[in-house]
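**Q** My structure is below; once you've seen it, I'll send some questions.
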């Protein structure tokens, strides 16, 4: 797992541990994640953020984007208003 997702994952785990789903109803984290209706809005937002983070880690087009090559023919032409000596 990438380091950038680790913090979000820890925050999500902490949120789940302190939610009524796990703390009061004594359900497992897996059960709470399946029934998102029982979770507070903060946990739901962290679930979405964690999923987005994982998707970005796998999306190679966003990880290594190379700038398009410039057309060198246009760059080497002399401007028409320059006098040749």
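The backbone N, Cα and C atoms fix where each Cβ goes, and this holds for glycine too.
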**Q** Scan 9-20, 21-32 against Swiss-Prot and say which stretch is down as motif 'Cx10C motif'.
**A** 21-32
**Q** Which one of 43-53, 54-64 shows up in Swiss-Prot as motif 'Cx9C motif'?
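**A** The listed stretch tagged motif 'Cx9C motif' in Swiss-Prot is 43-53.
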**Q** Between residue 21 (disulfide bond) and residue 32 (disulfide bond), what C-alpha distance do you get in Å?
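**A** The Cα atom of residue 21 (disulfide bond) is 6 Å away from the Cα atom of residue 32 (disulfide bond).
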**Q** Using C-alpha atoms only, work out the spacing between residue 53 (disulfide bond) and residue 32 (disulfide bond) and round it to an integer in Å.
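**A** So the Cα of residue 32 (disulfide bond) lies 21 Å away from that of residue 53 (disulfide bond).
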